[in-house]
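Sharing the features that Swiss-Prot gives for it:
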- Arg23, Gln24, Ala25, Gly26, Arg27, Asp73, Tyr149, Thr204, His321: substrate binding site (BINDING)
- Asp73: site 'Transition state stabilizer' (SITE)
Amino acid sequence: MRKLFLDAFKHEKLEKPPIWIMRQAGRYLPEYRAVRSKFENFMDMCRNADACCEVALHPLERYDLDAAIVFSDILTIPEAMGMDLKFIKGVGPVFSDPIESEKDLNRLKSAEDSVGDLEYVYNAVRTTKAAINVPLIGFTGSPWTLAAYMVEGSGSKQFSKLRKMMYANPQLMHALLQRLADITVIYLLEQVKAGASSLMIFDTWGGILPLEQYKEFSLKYMEYIAKNVKQKSNVPVVFFTKGGSNFFEELKDKSCDGVGVDWNVTLDQARHRIGVGKVLQGNFDPAFLYGTSDSIRNTVKKNMEFIQSDKLNNYIVNLGHGIYPDINPDNVKIMVDAIREFSV
């Protein structure tokens with residue numbers, strides 16, 4: 001197995017930085033769309049281990065990447081807890097029965113009763129792991145991000161229902177977050193047992209919070225998960241809070257091994273705020289892949305020259321968020337090939 005991706009977490013000198021791409025198995029690839037068309041709804045596809053494996057392999061077959069990520073969705077946990085999840089075209093994920101009260105919280109299944117309903121995810125991990133020669137990344141949404149959809153009922157620009165609960169009924173908010181954190185620990189450990197070599201916690205909506213609320217309602221539970229997972233496994237764990245660069249100083253002493261960095265902060269700023277103890281992952285703007293081949297190469301050159309000058313060995317090349325569905329796959333190859341021309 002190629003171990004460059006895992007070697008980055010050892011803080012040893014590497015000849016070149018590892019590469020993978022958030023949402024690398026996704027709608028921008030025609031072969032993904034062909035597989036997706038065979039399923040009436042998205043979750044049916046997620047429950048098919050062979051389909052999950054096939055789409056996870058597509059980017060590895062096209063590009064020289066150093067890791068795969070299991071094909072799944074962050075909302076598998078709320079659905080396993082008994083919530084009614086539907087993916088509506090043009091809207092996205094929708095829960096018809098959002099959490100509004102303690103009564104709603106009490107109707108959710110326990111962690112122990114929920115994990116069995118997630119066996120299809122572990123099957124996807126096992127099937128994919130057997131088919132690849134690179135490390136496999138398992139993942140979850142952060143409790144705060146899962147709660148955002150569970151309370152709001154869908155995605156939102158303001159998440160006013162979620163934030164109202166946080167301020168008006170913090171006890172209920174914490175009770176929900178703790179329930180989610182407990183099941184997430186089991187969920188991630190099961191992914192490790194099935195073959196995941198690294199784990200990532202996607203805190204997609206942590207960036208909407210003020211600092212003190214971020215520490216209390218988001219980071220606290222990510223840290224709880226990482227601590228408990230690492231007590232029973234030795235796989236690296238990466239935190240990624242979208243729009244969270246203002247919170248980087250809070251991560252210095254946390255249990256994560258790496259930090260995802262978006263494009264709103266430079267790598268040197270991120271390193272200064274986080275310190276040398278964490279691997280940095282990122283931070284190309286996904287939109288730069290809309291550019292010409294020359295502009296893509298020039299952007300790569302600027303970033304990689306910084307990495308060379310800083311001897312930034314604990315660094316993983318990635319986008320600052322998921323790749324957009326209308327990106328030209330050929331431009332991804334230009335990016336990957338340009339990165340491969342550089343050594344640390």
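Start at 1 and count along the chain as shown; that gives each residue its number.
Cβ atoms are placed via backbone N, Cα and C, with glycine included.
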Between all pairs in Arg23, Gln24, Ala25, Gly26, Arg27, Asp73, Tyr149, Thr204, His321 (listed as substrate binders), what's the biggest Cα distance, rounded to the nearest Å?
23
Can you tell me the CA-to-CA distance separating Arg23 (substrate binding site) and Asp73 (site 'Transition state stabilizer'), as a whole number of Å?
11
List the same-chain residues at least 6 positions away in sequence whose Cβ sits under 8 Å from the Cβ of Asp73 (site 'Transition state stabilizer'), in sequence order, or say none.
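Same-chain residues close to Asp73 (site 'Transition state stabilizer') (Cβ under 8 Å, separated by 6 or more) are Phe42, Met43, Cys46, Pro93.
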Specify the count of other C-beta atoms within 10 Å of the C-beta of Tyr149 (substrate binding site).
27
Can you tell which of Arg23, Ala25, Arg27, His321 has the least company, meaning the fewest other C-beta atoms within 10 angstroms of its C-beta, among these binding-site residues?
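Minimum Cβ neighbour count within 10 Å, taken over the binding-site residues Arg23, Ala25, Arg27, His321, occurs at Arg27.
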